[in-house]
Every structure is written in structure tokens, then in C-alpha cells.
Amino acid sequence: MADIKTGIFAKNVQKRLNRAQEKVLQKLGKADETKDEQFEEYVQNFKRQEAEGTRLQRELRGYLAAIKGMQEASMKLTESLHEVYEPDWYGREDVKMVGEKCDVLWEDFHQKLVDGSLLTLDTYLGQFPDIKNRIAKRSRKLVDYDSARHHLEALQSSKRKDESRISKAEEEFQKAQKVFEEFNVDLQEELPSLWSSRVGFYVNTFKNVSSLEAKFHKEIAVLCHKLYEVMTKLGDQHADKAFSIQGAPSDSGPLRIAKTPSPPEEPSPLPSPTASPNHTLAPASPAPVRPRSPSQTRKGPPVPPLPKVTPTKELKQENIINFFEDNFVPEINVTTPSQNEVLEVKKEETLLDLDFDPFKPDVAPAGSAAATHSPMSQTLPWDLWTTSTDLVQPASGGSFNDFTQAQDTSLFTMQTDQNMAETEQALPTEPQAEEPPATAAAPTAGLDLGLEMEEPKEEAVIPPATDTGETVETAVPTEGAPVEEAEAEKAALPAGEGGSPEGAKIDGESTELAISESPQPVEPEAGAPQVIPSVVIEPASNHEGEGEHQETATGTEPREAAEDVAAQGSAGEKQEVATEPTPLDSQATLPASAGAVDASLSAGDATQELPPGFLYKVETLHDFEAANSDELNLQRGDVVLVVPSDSEADQDAGWLVGVKESDWLQYRDLATYKGLFPENFTRRLE
């Protein structure tokens, strides 16, 4: 008996040695290896199928454990409700019955899932271990087959052939081949069939789970509705004991998670003692309040850092009242709310820069809608003045169609023949070289002397385009007729150069002043006299950057003519005289006028290059990093062109829609490069 066991053990050891030797030779490349690529693919699919089935079994067991936990939790909940239920309350027995039936439903649902799905899954996975063992055994038989084949080939190729050994090797080879074929054929049939059967198994399993769950929820919904009706009737029975949650949010809803980083806090620099004469710091205002975000859409923009502490030297100069004017009156400005959003730091002035000329008009800065009074009207009591609060639209056509400017309101009156005669006598035959031509407009010639001028009802407003500035006024002196808009540009030519036939010759002067441009000539109505403005020449002022306007002129007059006009205005006739400082060199007038035309044309082209629906420009004060694809990435100092927002909710939350000016000038694509950005990160530009 011991000999038999020893023989079997020795035989198994010999097989293991032969297999190990064969594998080593195959790894070293000294012996060929039989391979079946199709069978190897079947083995890979089998391993994948086994892993998927094992995971499904694990998750189903977890699902059943959760059902068991829900059963216990539901039972404890209904028991606690039954314990707190008072005997005199409505539906005490119904509550107990609902709890018991719910427990039965949970138990039935759990048991059916175990019987219909879990046991089936266990049976499905039970066939994998046997097939796995057969695959491993086939691999061993394949090594034995290769070893017997190599041994037979070695004996047949040797020089000294031993027929007995060769015949014995052939028998061993045929035996190994037969055993390998048995395992190989069976697995070649079973593995593809098992791989295909997984689809039907998954279908049956999840159909069973879904049908059982649907039936369970349908039955338990009836019990839940029953419990709801009991609670409703109990509430009606005790209506005077209603319960309300105090302090509960009314608009609590899911918000869009948009984590937008706030800009980094910038440390406020300590002001030096020499920065301000009184060493007083301006109080730091708190950060702007984060706007309310629209519900269920987008949170408001991030909060910018606190403003830097600045010395009191940066006080606005417009708050200082000038008491040194001859006609001191408070200035009345009518501005729109949008203009108050951006504070402009005005240029500081000294007493040496003040102009004490009573004929100098108070002119509002370019771009504002302020309505000021002419100097001639300042002789009246200040409480009798009128202020125009209407915003004047820009005149269309010509080189001025892209600018808007507030026009001085003035009253025109007719001049008598005597005034005309005095004005013509005061005209010099030759302009003085040291007195540069200054332009002014006043309706003096070509008017019917029997009619009085009415107050203009409409005014065409044009801002200055260059340093010298140009202002074109139009007024129709007809009775009750609307004022037609007229625009003209001044071109002052030196003596000896030709002019257009539209210029008026004065007392045999050889110099003619031509009107270079007239985009919209005056179209007077029937019976209305034609207005030909005269010219008043004033000495040039050295005040640079005061923002005064020049009016269109067709001739030149000395300063004495302006004084005569002022004397007539004080006698009861109202007239507007506007002066503008000009360079001392009269030869520079023509290049300045040409530059004004070029500047206005370029400004018109710039307006046409703005995106559709353009509202205004803003400058970024802080860096902003976009948290979503529909937001802009902004750096400090970027200029953004604001366009109307598609969503009122985003606008109410403090977001604006716009496109970076650099992207717009480069790509001209508003739909691709526009995006949202926080309004409180920017400041508005005029």
C-alpha cells in the first residue's frame, strides 16, 4: 500500500518537474509554445464576466441590507407616533394599523427580492469556479502536450535512434494530446455560451427588481395617503393649535454654485505728512454691499476690496465757490443720474487764471447736459432766469454727428438801423497782426427791422472737436415757427487767399472768409427773414483748457462792436455773444480748423465701430477671474464696452454684460467674446 502511494507521489513530482522544465525552455525561447488566441480571448471575457457578476452580487446584498434597515426604521417611526398619540385624538387605531401594514410590506418586499434575484444571482455565479478550474487544468495539459511533443521530436532527430524509446514517446504524446483535446473542446463550447448568457441574466434580474419595487411603492403609497388623511383630519380637529416656524426663509431655494473668488485685499498705504497740509485722512468708506442674487440662477458678484485711505487734498474743486466774479451767481447744472456716477477731478485754478471779462459766457464742460446762462442774461435778477433741463440730441449729418454739447440759452432781439450803422463804421479795413481773429455770432444783418426775435424753441448742440472748439448756433426769428437745425464750420483765411462767394464783403476788405462746411443749411419758412450773423472780435485769452466754445463767424469786427452790442443788451434787448481763446498767431487758424474736421470725422468712425446696443464704457478697478464659461476674465485697467443684458435677473443681481474693448477692436465678434462681469468691480467712464 505504501509502495502504491510512493509511486503516485513520485509520478506527480515527475510531472511537476517536466512542466517546470518546459516552461523555462519556453521562456528562454529554446522551445516553441502552442497558443490559441481565440481561446485566450474567451478566457479574458470569462474573467470580466466573473468580476461583473461578483460586484452585482455585492451591491444587491447591500441593497437588501438597506431595505431591512428601512423596515426597522419605519417600524420604529410608526411606533413612536403611536406612543405620542393621545387617546382622544382622531385616528389613533388607524395610525397603528398603517404602521403594521407598512412593516408587512417591507418584509414581503425584502423576501421576494431575496428569492427572485439574490438566489438567481448566486446560482449564476456558482458555475464560474468549476469553469475556472477547468481552464487552469487545460493550461497544465497544454504544457504536458508541448513537453511530450518536444521529447518525441528530440528522439526522432537524434543520430542514434532507439525504436523502443521512440515508440514509448509516441504513446505518451498521443495520450497527452487526447487529454488536452477533451478539455479544450469542452471549454471552446462553454465559454462563448456563458459570455452570451449574461445579457439575458441581467434583463431577468433587473426586471424582477424593478417590478417588485414598483409594486411595493404602489402599495405603500396607499398607506401613506391614508396616514396623510388622518393627519389632515386631526389638524382640522385642532385648528386653533396651528404650528408655524418663525424665522424660516421665504425664498430659500437651491442656488447655483458659482464660486467666484474675491479680489485680493490691497493694503492701504500710510499717507505721508507732506501729502496734506492738515494731515487729516479721509474716512474709509465700507465695501459696497453684495447685491442680492436672483433665486435659483446666479449669485451676486464678489465684493471688491476696501478703498485706499487718501488724504484730504483730493477735494472736488467744484465745491469751492468763486467770489471774485463780477456777476457772482450760483451756477445751476441739470445733469442726468448717469453723469453723477463718475466723478471728474477738475483742473485747479488760481486767481491769476480768472477772467473778469463780463462778456465771457459760463460754459458747461463738454459731454455734460448742464444748461448755463449767457453773460448778457446775468444782468437780470438770478431768480428770474430760466433753465433748460432737456437733453439736447446731436445734430445729424456732417462731421458733427457724433458729438453732443449743451447749448447756451439766450434771447435774440432785432437791431435798429442805427446799430447796424455803428457796427459797420467800427469795422477796420485791415486786421491787426497782434490781434488774433476771435469768432462770435450775433444776428445783425439781413433781418426785418419791424419784427422782434422770439425765444428759440430748439437748439442744435455741437461739442468742440479740437483745442479751439467750435459751437454752432441756430435760431429762427419767425413768429411761433419751429427752429431748423443749422450747422457750419469756421475757416479763417489770411488776407490774399480766395474765399467762397457765400462770404460777406465788409467796407471793401480784400479778405473773404469762406464757410468750409455747411452740412445742414437753414431752411427758412415762407415769410421768415434770413439770419446772417455778424462777428465780434475779442482779444485772445491765455486760459488753456477752460472748455469755452467758439461760434461760427462769417466776418471780423473789432472789440468796440462787442461793447456796443453789450450796451444795447442792457437797454432791454437780449443778445448772446460767445468768445473763445485763440492762439496768438493768426496763421494757425486754418490748420486748427482742418484738425477739427479730421478729429470729428475720426470720432464719427469710432462711433460706428462700437458694438450694437452699446450703452457706455467702464474701467475695471480690480482683477476678476471668471468662475463660469459665460463670464469675462478681467485685469485691472481693462476697458469694457457695456451692452444690454439678456437676463433681468443677472442685471438685478449686480452683473453687467459687455465685451472687452481690445477683443472688440481685434475680432468684431460680440456673440463670442461678450460675457458677464460684476458692476461693483468697475467704474463708469464718460
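In case you wondered, yes, glycine gets a Cβ from its N, Cα and C as well.
It should be emphasised that the depicted structure is a prediction, and the values quoted were computed from it without experimental measurement.
Per Swiss-Prot, the listed range annotated as region 'Disordered' is 421-441 (candidates: 358-378, 400-420, 421-441, 631-651). Here the candidates are S272, S518, and Swiss-Prot annotates S272 as phosphoserine. Among S80, S211, S244, S629, the residue that Swiss-Prot annotates as phosphoserine is S629. When S276, S285 are looked up in Swiss-Prot, the one carrying the note phosphoserine is S276; the rest have no such note there, which does not rule it out for them. Cross-referencing 144-191, 288-335 with Swiss-Prot places the feature coiled coil at 144-191. Shown for the domain 'SH3' (613-686): DSSP residue counts in helix, strand and coil, namely 19 helix, 27 strand, 28 coil.
Per-residue pLDDT, averaged along the domain 'BAR' (24-240), amounts to 90 for this model. Of all the Cβ atoms in the protein chains shown, 6 others lie within 10 Å of the Cβ of S629 (phosphoserine).
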